[in-house]
């Protein structure tokens, strides 16, 4: 057992070696490296696969009951401060290692085909390997210093991947936005880390928890000091995991290549924040104010992400806000003290989201030959529809991931989301209502996304004639009428005219320096198909593999069927102290489970049913009734639906508010400071200098060496002095 643990450091080293090798090759031998691009991709995937098998072995050892293993060595030995580096292997670490490596391998396989046309193919694999290595290093960190270093590397890799197509202004702006937003969180994390070290004198997690709790118990440290440190520390996870109010970077992060959406959403960047809060959970649970703050941040984020996702037209942005909402669930669970439910949802959410993200990439890949390579068209769900008949494998796997995100049994997310909703209801009913409301919204926006993307009729009509396709919540696109009002003032995507276009004119629309133009426009016209085509096997294989954990991973949290039932595998595995102290009766557990599941599944089903009525391919009402209903809704709910749509589509106006307060406010403040510095500070300094200069010039002219000038000055001064004495003689000589 211990022999395999000794090689745990190899897991992050393997992708790091791959990234360094590719980077050095691109720097010193660019032509040779690019000519061997497939070889480098295979090597990167193979090395990460080896790391994945080692991770599975470590996971199996933990399941078998092996104790926590720690390997540490001194990095900076000193009498006052001893900083150690190394790696621990415990249940949470082994879970995250498997998550990161399995999703990383599937993403690399998917990227081999998706990025094959891109000139930055080799560079992409270098960035992806470095990002995976950074996340693996973060996962196995035994102290706050090491975790902070790898956290910064994760942020740097996210900056590189989001801005991969840096020639596009939107991508360049998005990576800067992500980088700056996360720096705000990192500043709070750094202050919190420094405060905890000042209180406890250690960066190691075990020593930190023990000394902090002892200090509180012995009243050696005041809550007025400990609480601010503990409140500053979660700012890092809040920014990294896209929690309100530092969530604004995540939707813009979709400007990067689609394959990176899976590691960003499921296993790399955003999971780092949740992982860090889970690591620090033994410390936070002793501070009620901090736990309450974390729970409310999670609840607000979950509902906000689900609400904003209602009206988004970009397929990848819908998934981004879905990730934000699900991460809010995890943060909510940690805040209410449900460590097991949060860890469970971290596992169960990773695989369905990793399935949906490459699935969206497969959908976009099938749309690009039809509408062109511009993201505004290839990712616009208003131009899709009916794709399931053309891409059946992608459609089936995408539906599976969608149902899991909705929380439909027996898929993965059902088990964990149901537990979070039940625990939040017991902790505080308002949080329980927020969790239930968010579950209904999740069912609505995910099935809205699925219906507009894969059901109905294909709306990107390839005819050269301008044909409008009407997308209404009450009127299917096949039955659009000219009498219907075409505005954006109804429910999400309720009324949008989509003009068709000649795809042959758009086939090279997004052919900047990053995209190979190896196929001429003429050949593109000859090979053009009016309908989307299924992706190749290289892109489909990861989707099929990810369906397995999406179906089965949720059962690790289900108690075994026994007459007297003990703790489930996950509880016993994460921490025996979290297991049920007493045996519970299976019938009682089953009745409670059915009662809770009925509410959560019913709420999600209501959202799914509503989305199916509004956006589904099957008309639920006669055509005349739907037209009359539209007219009635315009008068009754038109204003409200317009406000809701505009608020949701505009991301809650949060970006605009930040732009006014922070960006424009900072610029105005900079101008005021510049004016003050230029005219006040510099004015005083320059005024003193100019006064001295003029004084010197005057003295120089007064001392010219001519006696007549001296005599004139002496007589003038004497006369002035006499006049002063005569005028004020009474004052001087009383």
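If you go along the chain as it appears here, the first residue is 1 and each next one adds 1.
Cβ from N, Cα, C; glycine included.
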Query raised in the report: According to Swiss-Prot, which of these ranges is transmembrane segment: 9-29, 345-365?
Result: 9-29
Report summary line: Swiss-Prot feature transmembrane segment, matched against 497-517, 518-538, 539-559, maps to 539-559
**Report entry** Criterion met for the transmembrane segment (318-338) and the transmembrane segment (425-445) (at least three Cβ pairs under 8 Å)
**Finding:** yes
Query raised in the report: Other than its close neighbours in sequence, what residues sit by the transmembrane segment (425-445), given a CB gap under 8 Å and a spacing of at least six beyond its ends?
Result: 295-296, 299-300, 302-303, 306-307, 309-310, 318, 321-322, 325, 328-329, 332, 336-338, 405-407, 417, 599-600, 603-608, 610-611
Report task. Mind pulling out the one from 144-166, 219-239, 258-278, 539-559, 601-621 with the most Cβ pairs under 8 angstroms to the transmembrane segment (89-109)? Result -> 258-278
**Report entry** Within-chain partners of the transmembrane segment (9-29) [C-beta distance under 8 Å, separation at least 6 from its ends]
**Finding:** 40, 43-44, 47-48, 50-51, 54-55, 71, 87, 97, 101, 104, 122-123, 125-127, 129-130, 132-134, 136-137, 140
Query raised in the report: Is the transmembrane segment (144-166) packed against any residues at least 6 beyond its ends, judged by a Cβ distance under 8 Å, and which are they?
Result: 83, 85, 120, 123-124, 127-128, 130-131, 134-135, 137-138, 172, 174-176, 178-179, 182, 186, 189-190, 193, 196-197, 203, 205, 208, 236, 240, 252-253, 255-257, 260, 264, 268-269, 272, 276, 279, 512, 514
**Report entry** Tertiary contacts of the transmembrane segment (121-140), as residues 6+ beyond its ends and Cβ separation under 8 Å
**Finding:** 8-9, 11-16, 18-19, 22-23, 25-26, 33-34, 37, 40-41, 44, 47-48, 51, 87-89, 93, 96-97, 100-101, 104, 107-108, 111, 115, 146-147, 149-151, 153-154, 156-158, 160-161, 164, 257, 259-260, 263, 267-269, 271-272, 275
